[in-house]
Amino acid sequence: MMDYNDSHALFSGEQLIYAITIPLSTAIILANLAIILGIAWNRQLHNTPNYFFLSLLVADLSTGVALPFIPLMGLNRELSFSSCMVAHIFPNFLFLAFLFNLVMVHNERYICIVDPLHYNNLWMHRNFPLALLAVWAPPLLYASLPAFGWNNWTGPDWNGCCASSQNTMPLSNCSTNNTTCCSYRRVFPNAFIYLEVYGLVLPAILTIAGMTGRVLWITRGQLKDICRLHRSVERGSQASDQEQKLNLRYTRCVVAVSLTFLACWVPYLIYMHVCIGFLISDTKRSSTVHIVLSCMGIGSMAVVPLVLGLANRQYTEPAYKLLQKLRDRWRGRTQGSEEVAV
C-alpha cells in the first residue's frame, strides 16, 4: 500500500489538475454545445462543409470531456492492466481525432479559397462517410497499438515507476506486482511517443499553419488587386477611404490569426517539447510544472475550434437569441416586482 507521503503527493497532484481543468473543460463543453445547437437549428447550415465542422465540434467536445484525464497520464497510479490501458488510450484517441478533424476542416476551407472551381468536386464532398471515417478510424487504430502489444508493460525493471515527481518514495507494490503501477512509460514506448509527436502531431500543426499562412497571402494579393481596380476606376493616385477600410480589416484579420496561434498553439508546442526533453534526458519531471504545462497546453489547443465557431454569427445566432429572450424575461420580472413594490 502507499504510505502517507505518496498518497498525499498523488492527491495533491490530482487536486491541482482538477482545479485547472474542470473550469476550462466546462467552458469548452458549454461553448461547443452552443455552437452545435446553432448548427442543428439552422437548416441553411445543413451542408457538407458544416458537417465537417460539426464533426470537429464533437471531437472538441470529447476532448473537453477528457481534458481532466489527459494530465493524469503524467501521474503514476495503482491500476490494473486493462484500466491503465483505457486511462491512457482513450484520451489519446480523442486528442488525435480532434487533431485529424482540425486538419480536415482547415484543408476543406483552404481548397475552397485556393481552388474554388474544383471545390464542389472534392472526394470528401462526394464521399462524406469515407472522409468522416478517415478522420476517426486512424486515430483509433494508432492509439490502440499499445493494447495490441506495443507497450512496455513487461519491462525488466519497474522498481521506481511509481515514484512521484516530488522526491517521494516508490510504491511498495511496484517491485512485486507488475500490474499495480500504471505509468505512461509502461503504456507508451519511447518510439511510440516520438512517432506520434514528430510523425503525427507536429506535421499536423505545421500543415495547419502553412495553410493559414497561404490563405492570408492569397487574401493579401486579392486585396491589392481590388485596390488597384478601385484606383483605376476612381482615377486617383491616393488611397481612398474604402481602401483604407479594406487594409485595416485585413490587418485586423492578420492580428487575430497571429494572436490565436500564439495563444492556442504556442503553449502546446512548449509543453510538447518540454516533455520530449524530459523523455530524452530520462529526468523525472516536476509535478507542478508538468501539470500546469499539460493543462494549459491541451486546453489552449482545444479552444481553436471555438474561435472558428464563435467568429461565425450564423453559428452563434440561436444562442444569442436565446440569451436575449432570457434577458428580456428577467428584465420584465424585475420591472414587475418593482411596480408591485411601489
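Any Cβ shown, glycine's included, is placed from N, Cα and C.
Worth saying up front: this structure is predicted, and the values here are computed from it rather than measured.
Copied over from TrEMBL:
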TRANSMEM  16-39  transmembrane segment
DOMAIN    31-308  domain 'G-protein coupled receptors family 1 profile'
TRANSMEM  51-73  transmembrane segment
TRANSMEM  85-107  transmembrane segment
TRANSMEM  128-150  transmembrane segment
TRANSMEM  197-218  transmembrane segment
TRANSMEM  253-279  transmembrane segment
TRANSMEM  291-311  transmembrane segment
Stretch-averaged pLDDT - the domain 'G-protein coupled receptors family 1 profile' (31-308):
80
Might you confirm whether the transmembrane segment (51-73) is in contact with the transmembrane segment (291-311), defined here as three or more C-beta pairs under 8 A between residues 6 or more apart in sequence?
yes
The transmembrane segment (128-150) vs the transmembrane segment (51-73): 3 or more CB pairs under 8 Å:
yes
What residues elsewhere in the chain lie close to the transmembrane segment (51-73), defined as a C-beta under 8 angstroms and at least 6 residues from its ends?
14, 17-18, 20-22, 24-25, 28-29, 32-33, 35-36, 39, 87-88, 90-92, 94-95, 97-98, 100-102, 104-105, 108, 124, 128, 131-132, 135-136, 184, 290-291, 294-295, 298-299, 302, 305-306, 308-309
When you look at the transmembrane segment (197-218) alongside the transmembrane segment (85-107), do they share 3+ Cβ pairs under 8 Å, ignoring any pair fewer than 6 residues apart in sequence?
yes
Are there residues at least six beyond either end of the transmembrane segment (16-39) with Cβ under 8 Å to its Cβ atoms? List them, or say none.
45-46, 50, 53-54, 57-58, 60-61, 63-65, 67-68, 71-72, 75, 288, 291-292, 295-296, 299, 302-303, 305-306, 309-310, 314-319
